[in-house]
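**Q** Residues annotated as domain 'Anoctamin dimerisation' in TrEMBL: 1-165. Residues annotated as domain 'Anoctamin transmembrane' in TrEMBL: 168-712. Residues annotated as transmembrane segment in TrEMBL: 176-209, 255-274, 335-354, 374-394, 414-435, 539-561, 589-613, 669-690.
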């Protein structure tokens, strides 16, 4: 059974004023452009990204709806089209969400609870007809909005075209449109980062052939015997790692410093210009003041809050939940976060032990360390994905329990919980490899132990290549798995829904060929589960390409290719495979922007320490400075001789480090330590200073947008004034009377 709901004009007007919907006052005629279009036009280059999308939604000056001022709004004569379809959806969902059906103390409120308890199987707005194009040639202006979005946005052939953001906003609402605007903006900014990273990788390939230390390892390595890698392992020749050492140069070379500085400044500039773009879009879409004064309490909060209080801004009575009770619940939720983070660290410790033990078991293999490292990375990825599912479910329960007043605060609290956990979950292993692995090994004859197993050491070619491998396995592996899931799973679920639906029709004796109603067609589609997973995937990717970019210059290129696919996959899901979501308003991308800023600051510090302590850049620079200026003999400079009491081998072996024959640190160790710490301080101060200058030079809101906001405020004040008095305006100069 299906129940088709609609609202009469009086109900629409009442709730439009109640929830603060904005309606048009006057058409705005300013033509909107973007920066790439302006640049190409200035250079007189044909813009292959542009496309003419039919039926562009007009832009209006707007203000909040008032029933008693109806005649002052544009289009008030036609009651059928005055409120947009998405606004009608918002009004109906508001009514359904705040209506109790049982005891308030048990939270028996709203359609969402009824759906979760299987009283209803679904509640959704209807799509505007099928997305497929008509078989007969049709005028583009006659297409429905859904057909336009499919033809000019969701098809794979549109991969190189601008996204029709105004059409997306008109059909799905501001929150979905802002996500796609941010994703497109981010993907466009990845292009220069990918090009620079690719060129630096070519430079690394050239160094693989011409590098002097690599030539020493490959040609003279037979004369250097290295100490055993485990207690039951045998000694090995340095030349056996020739190819691995050359591969390490691809990621660890002089271009690393430049690229780290470039990506740090790239991230800061990207966020500054996104703030400007977001300000333009939020004003154009009438959301620039949404969070401050227009956002209403969540319907579930309205129904379940125990008391009411007067809103100091609007003066209206609103539901209230005591802050002390909320704080107690938030503290409890934070304890759950700490417990789950501890679980992640326990799994990390288990994977470290797994790698160490596996290295011992397969010690006779030539690539024992590489096999242990690679399988450990894959196992780590599996653990990460499993723990993510568990904690996301817990975070949903905890955030609902905390009783946040508005949808924005609810989502911010949920996002922060999950991201803190996911940050530790995804980044703990790369952080361990980058900054801790190989730091507490000891030296031959005096190795440090963990649960009876020797502490992990970096491979002979250094930790940076292991970090690059870990990044590629986690980042690229996660992207491939997510894209396969997003491409295959929705199609399988849709097929299963249609199969069940057709079986039900057969049981009723209905003919499958009969015309199926629109609500039945939409019921076969999947439920839209929001944008959280989409944002989380992109923000974690942003962390990989900024925090650890010194280890893998190709990371932005992989991210760019993934995002080109991601835009079309997400577009197809929303247009073709999802039920139409209820349109939601939003002023910006929420707490995700703050998270991106924190990641940017962490990236500067992380890359400074990566270059100083994990890369070979500073030891090579120091060796050049203290010798005749070449790298001849550098390999011998970085290797120490095992102490005389180390009798595991008959031949005196070597190991990586700056120690004397007694195991004490040499003066070179302390000189390099001072240089490394000095580099960290100089690097982060220079990058942060330039970042602040960029922040100061780029205003958050463009000047023309500020003028439009003031103009809109003036028009709204005039439209909603109780008494409008028209003053005569004289064209003649006023003559001041004399006394």
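Any Cβ shown, glycine's included, is placed from N, Cα and C.
Automatic, uncurated: that is what TrEMBL annotation is.
Relative to the rest of the structure, where do these features sit?
**A** Using a Cβ-Cβ cut-off under 8 Å and counting only residues 6 or more beyond its ends in the same chain, the transmembrane segment (176-209) has close neighbours at 36, 162-163, 165-166, 168-169, 246-247, 249-251, 253, 255-256, 258-259, 262-263, 266, 270, 273-274, 277-278, 281-282, 285, 531, 534-535, 538, 542, 545, 549, 553-557, 559-560, 563-564, 566-567, 570-571, 574, 581, 583-584, 586, 588-589.
Note on the transmembrane segment (414-435): residues 333, 337, 340-341, 344-345, 348, 351-352, 377, 380, 384, 387-388, 391-392, 395-396, 398-399, 463, 466-467, 470-471, 474, 478, 532, 535-536, 539-540, 543, 547-548, 551, 590-592, 595, 606, 609-610, 613-614 of its chain, located 6 or more positions outside it, place their CB under 8 angstroms from a CB of the stretch.
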**Q** Which range wins on Cβ pairs under 8 Å with the transmembrane segment (255-274): 335-354, 374-394, 539-561, 589-613, 669-690?
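**A** The stretch I would name here is 589-613.
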**Q** Please identify the stretch among 335-354, 374-394, 539-561, 669-690 with the greatest number of Cβ pairs below 8 Å relative to the transmembrane segment (589-613).
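**A** It is 539-561, which has the most Cβ pairs under 8 Å.
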**Q** Do we see three or more Cβ pairs under 8 Å linking the transmembrane segment (374-394) and the transmembrane segment (539-561), pairs being at least 6 apart in sequence?
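**A** Not in contact, no.
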**Q** Find the average pLDDT over the domain 'Anoctamin dimerisation' (1-165) in the predicted model and report it.
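**A** A mean pLDDT of 85 is what the model gives the domain 'Anoctamin dimerisation' (1-165).
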